[in-house]
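A.B. asks: Straight out of TrEMBL:
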- GLY166, ARG167, SER168: NADP(+) binding site (BINDING)
- 5-119: domain 'Tetrahydrofolate dehydrogenase/cyclohydrolase catalytic' (DOMAIN)
- 140-280: domain 'Tetrahydrofolate dehydrogenase/cyclohydrolase NAD(P)-binding' (DOMAIN)
Amino acid sequence: MTTIIDGRQLARELNAKTQQRVAQLAQRGITPGLAVIIVGTDPASSIYVRNKHKKAGQLGIRSVVRTFSPTVSQTELLAAVAEYNADPTIDGILVQSPLPAGLDERAVFDAIAPEKDVDGFHPLNTGKLFGNLPGPYPVSCTPQGIMTMLKSLHQPLAGKRAVVVGRSNIVGRPMAALLLNANLVVTVAHRYAQDLRALTKTADVLVVATGITHLIKAADVKPGAIVIDVGMDRDAQGKLTGDVDFDAVSPVAGAITPVPGGVGPMTIATLMQQTVDLCEWREQRGNN
Ligand SMILES: Nc1nc2c(c(=O)[nH]1)N[C@@H](CN(C=O)c1ccc(C(=O)N[C@@H](CCC(=O)O)C(=O)O)cc1)CN2
Ligand SMILES: [Mg+2]
């Protein structure tokens with residue numbers, strides 16, 4: 001029997017816990033604040049930002065969305081980040097990725113105060129993650145959400161072989177660090193891998209984040225493996241599909257995430273969780 005990892009249900013459970021934490025903060029007169037910066041009108045990014053804003057509102061988090069035209073200058077963007085860095089009502093700041101060409105995304109991420117870096121993209125936070133330093137600090141929401149999904153399976157993971165396909169800063173690299181910190185034996189594969197399929201076939205935990213529709217087929221997966229599909233691709237008919245051929249792979253896998261309804265909802269639930277984390281950590285530090 002293959003377990004279908006239900007990201008929507010796990011997100012509901014996580015959001016319920018976050019909502020309770022928000023209610024506890026409210027009793028002390030504290031409202032967590034999230035600032036979301038989006039540049040341009042990319043339809044997918046606009047939907048993700050709208051969903052973040054909506055979910056925040058449902059949980060009692062105050063969210064502000066600032067939308068810039070694609071012609072915004074780097075200086076204006078950095079000024080908006082600086083404004084939120086200095087705003088005591090804002091606990092978490094995120095800049096929706098990708099930024100339009102011509103803007104230096106890395107410089108904008110680096111300008112976010114590390115203690116408000118709700119996406120965990122600041123080098124201080126990624127450095128802590130890669131050094132396996134003691135927390136707390138925020139971690140990129142998609143891989144952090146995947147760790148929550150893996151924990152929901154209640155399977156021992158230490159010593160298992162993990163293969164992460166894709167090495168992006170948002171998913172592949174922090175995913176590898178989280179799995180390594182959880183004592184898995186981790187391989188990161190990418191476009192230069194000489195025999196990708198020989199690698200994926202060794203994985204007890206396979207995480208695929210490439211943006212290549214149905215890259216992973218049944219023959220590429222070890223029987224019983226946990227398969228996590230981060231892909232959000234469109235097939236020839238425009239239908240949302242993953243990097244894993246779900247219909248072919250699910251009979252082979254021990255557990256598998258669907259697309260949609262897998263990793264995506266957990267990304268947003270983790271963002272909400274981390275906004276409240278940042279708010280609580282700030283309180284614990286004494287509002288600094
Ligand atoms: N600043 C950031 N930018 C981006 C991140 C991020 O974590 N921080 N991740 C992705 C986009 N993303 C959130 O921003 C995101 C993508 C997809 C989903 C989601 O719920 N997907 C649904 C399907 C949605 C659809 O139908 O199109 C699902 O998988 O079920 C949530 C968040 C890149 N940018
Ligand atoms: Mg990649």
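Just so it is clear, glycine is given a Cβ too, placed from its N, Cα and C backbone atoms.
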A.B. asks: I want to check the contact list for GLY166 (NADP(+) binding site): same chain, sequence separation of six or more, C-beta distance under 8 angstroms. What comes out?
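C.D. replies: GLY166 (NADP(+) binding site) has long-range Cβ partners GLY172, ALA189, HIS190, VAL207, VAL208, ALA209, THR210, GLY211, VAL230.
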A.B. asks: Could you break down the residues of the domain 'Tetrahydrofolate dehydrogenase/cyclohydrolase NAD(P)-binding' (140-280) into DSSP helix, strand and coil, giving a count for each?
C.D. replies: 52 helix, 26 strand, 63 coil
A.B. asks: Can you tell me how the residues of the domain 'Tetrahydrofolate dehydrogenase/cyclohydrolase catalytic' (5-119) break down into helix, strand and coil by DSSP?
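C.D. replies: So the counts come to 61 helix, 19 strand, 35 coil.
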A.B. asks: With a radius of 8 angstroms around the mean position of the C-beta atoms of GLY166, ARG167, SER168, what other residues of the same chain does the NADP(+) site pick up?
C.D. replies: VAL164, VAL165, ASN169, VAL171, GLY172, ARG173, VAL188, HIS190, ALA209, THR210
A.B. asks: State the count of C-beta atoms found within 10 angstroms of the C-beta of ARG167 (NADP(+) binding site), not counting that atom itself.
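C.D. replies: Around the Cβ of ARG167 (NADP(+) binding site), 17 other Cβ atoms lie within 10 Å.
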